[in-house]
Every structure is written in structure tokens, then in C-alpha cells.
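Here's what Swiss-Prot has on this protein:
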type: DOMAIN; residues: 45-282; note: domain 'Radical SAM core'
type: BINDING; residues: Cys59, Cys63, Cys66; note: [4Fe-4S] cluster binding site
Amino acid sequence: MDFISFKEKEISKKECLELFENTENFFDVIKLADSLRKDIVGDAVTYVVNANINFTNICTGTCGFCAYKAEHGDPHAFFLNPDEVAKKALEARKIGATEVCIQGGLLKEIDTYFQAEILKKVKEITAPYGKIDVHAFSPMEVKSAAENAGLNVKEALKILKESGLNSMPGTAAEILNDEIRSEICPTKLKTSEWIDVVSNAHKTGIKTTCTMMYGHVEENDHLAEHLSILRNIQKETGGFTEFVPLTFLHENAPLYHTERVKSGASGMLDLKVYAISRIFFKDSIKNIQTSWVKLGTKLSQVSLNCGANDIGGTLMEENISKSAGGSYGTYMSEEQLKDMVLAVGRIPKQRNTAYEIIE
């Protein structure tokens, strides 16, 4: 393979697939990705002081990889009202969080106006303590809430932005292929609908992240297709702030008990996903985030030499990975994140949601 040309040019979806299929040049791929990372974003590794707030675990969704959801009436089910969500955001702001990530479930009771009320309450209660970025509601949540409110997606996004939504997590992407989605998340929004929500969010002035969950039933061609879709959206809107690969946690996932499902990705595939993503996106999506919650500290550190340049956040509360079988904790202090970066010879830098460095 011509790795020299791969450094300079925009590689095609076909070449992306060839990189995933290649088993002989693993370290060449890693070396190229790390070189591109250094050229594009330098040696800084960014992180955000943030808190996750899940306002309910009750959900009507049928995602086969989710072990977090509860039914109405379950002993462990909970549902926070907007005031309770706001109090959690205030607690996070008081101890230094610059971002709160707020997500819930899919329920008839949750419409766009309920989401807007959460945003307003959070902004109001935290205002005396300085600005906090609200990073909230997946594309699936936005679509479901809009339907419950009798709104179209554009109308819903306008209301959310006016109510204080700063950015959105680009989750619910999983694998952007409807055949795969019919297996792993049959009632979740279709590929075209996910594209529609995030594209309209960008056009409304709401930046989003983008994600890819791998290591379950997908094949290499699905990975290449997914990355190509994301790059095409970015060319059109420029609205993605980061790409976050999400390795499938199989231990408690209902999906794992079906015949075709793999027991997660190998460590080699984890690192290839980071590396190939960097080679494929180059500077179109500059920031690639590693997930210490899913990979653990050591593999996350290795990924920083495979194309990644962001180590995510402190989180303070992260229940979804934990429920699925994640064993790496739900909180990491700012000092621990810094030490994790320094240990691999890189420079830790605190950022906000928009990737602006906080000195």
C-alpha cells in the first residue's frame, strides 16, 4: 500500500476499506495516523471538565446493546424533573464543570417543550456561577421529542437552541447502515433520519459530535461506509466538533445473546479504528476522542499514539457503559486525566465543549 500518498491525499471509501482489511501493515497504519495527528493538532491532548446527567432510565427503545433501560414500575426506574436536573447541573458547575451532558430516554412524556424546560432551568440556576455549556439530547431524542410535541425536526431544533442548547452528542449513530440497524436497534431512527437531524442541527447553529459503535455484527465495509457518511456531512456543514469511536461492551448487552454477535472488538481493531479514522478524516474532523470509560486507561493511552488527540471528560457520572459491563469507573478527576496524558509524553490542555483552550 502507498502510505506516502495516503498522508497527502483524501483517501476514498474503497481505500478506507482496504486499510481495515489489511492485516500485514498494522504498525505502518499506526505510524501514519500518529504522524498525521502531530501535523494536524500537535502534541496537546485536550480534555473537558464535565458531568453526565441521565434524567431517566425509563425508555421504550429496543436497542440490543443497551443494558441501562428500565420499564415503568421497575424498582430501579427513575425520572428527574427539570428542577432536579438543574440542581445536578449546579452541583457540577460549583465544582468546576464547564459542560453538562444531559440525556434521557424515549417516552411519550418527553417532548421538545420538556427538553426546553430542562435547558432553561439549567441556564438559569447556573448563571450566577459563570457560563456552562449544555451538551444535550441525541438525534434520536430530538426526533422522538419533536414527534411527541407535534413539531418537525427543524422547529424542534430552533426551540432547543433558543432555550439554551449549545451542542448535541452525535450518538444514536451506531452503524449508519439500515440493514445493521435493523438487527441492533430496530426501532431507532433510520440512517437518513440521523443524517437529517444532525445536518439540520448544524444549519441551526448547533454543533454536534459524531460517533461510531463497532465490534458487534458489522463488517469492515460497514465501518468504511459509516466514516464516509460522516465525512460527507462534514464537507456540507462543518458542524462536527469531534469523532468518538465507541467500542461495543458486550458483557450485559441483550444483543450478545443472539447468534451473530461478536464479543466486542479486539484491542487491535480498537487501535485500527482510531488510526484509520485519523487517516480518513485528516483535518476535516480534527478532533478524535478516546474513551477511557470503554477502553480503560492503558489502551486509551496507546490510542493517543494512534491518531487520537482528546481524552474526553471527567464525567462524574456515567451509567450507560457501566450497565453494559464497563469496568473502568464512572469518574476520573482532572488530575488523573492530566497524569494519564503526561505519562505518555504529551501535553494536557483543558478545553470547553467548542474545543477552545481554557488557560
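Just so it is clear, glycine is given a Cβ too, placed from its N, Cα and C backbone atoms.
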- Run through the Cβ atoms and count how many others sit within 10 Å of the one on Cys59 ([4Fe-4S] cluster binding site). 20
- Item | Local confidence of the domain 'Radical SAM core' (45-282) - pLDDT mean | 92
